[in-house]
Amino acid sequence: MSVSRHPDSHFIETPRGIFTSAGNWFHITSKALRSYAPGLLEKHTLEKMVKKAEIWIRSADNIGIVLFMTLLYYQGLLPAVVLTLFFVPIWHINKSSLVSLTLTNILWLLDKEILVVLISILVLSWMGITGQYESVVFGIIMFCFLKFGWIRYLVEWLHGKLFEGTLLLNDRVLKMIILKYAIKEDVPVKEVGAMEKEILSLIEQQKEVARKFKNRK
């Protein structure tokens with residue numbers, strides 16, 4: 001199997017797609033992208049588009065933390081937990097329909113770790129000062145579950161099981177990023193349906209490799 005690491009990039013490219021240092025799979029290759037959107041990679045690198053897609057993927061975690069801490073401060077523990085656990089799956093599943101290059105720049109600010117950590121420290125410190133220790137404990141737990149992407153991973157797993165045979169959530173986001181940049185640069189995208197079929201084919205190939213590996217154990 002041919003594996004290539006792009007110079008100064010945070011991902012490796014395999015015949016079955018792209019695997020990033022953050023642990024995200026995208027089932028598209030630079031060869032396929034050149035075929036479906038000829039000329040786009042000359043204007044915007046694959047590295048750049050993958051990074052933009054990962055900002056959207058992590059947005060469920062980052063917005064979830066900010067939402068939880070805000071609700072915890074103003075509404076209390078129970079509303080904060082319930083509304084955050086309601087919001088995060090809905091956002092993560094539907095975010096691809098909201099992708100825009102302008103909104104990506106806004107989400108980039110939330111993607112800065114110092115911002116969400118600072119907000120969390122301020123809120124949890126206040127809870128501790130005012131003796132709301134239960135909120136502090138559950139606040140730390142929720143922060144960890146969101147920050148490390150555990151809720152997001154669970155949503156992805158359930159979505160993949162319930163909607164097998166459709167594009168995975170990560171692939172949806174990268175596809176929309178590609179389309180937005182193509183529109184911006186007036187690059188014609190050939191056969192979007194064929195591109196989706198290519199992605200689904202690579203997903204099936206990866207699943208087959210995983211099944212073979214599991215059977216060998």
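Cβ atoms here come from the backbone N, Cα and C positions, even for glycine.
In TrEMBL this protein carries:
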- 72-94: transmembrane segment (TRANSMEM)
- 106-129: transmembrane segment (TRANSMEM)
- 135-155: transmembrane segment (TRANSMEM)
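Residues 57-58, 60-61, 64-65, 68-69, 72, 76-77, 80-81, 84-85, 88-89, 92-93, 116, 120, 123-124, 127-128, 169 of the same chain, all 6+ positions outside the transmembrane segment (135-155), place their C-beta atoms under 8 angstroms from a C-beta of that stretch. With a threshold of 8 Å between CB atoms, the same-chain residues lying at least 6 positions outside the transmembrane segment (72-94) that come near it are 59-61, 63-64, 123, 126-127, 132, 134-135, 138-139, 142, 146, 151-152, 155-156, 159, 169.
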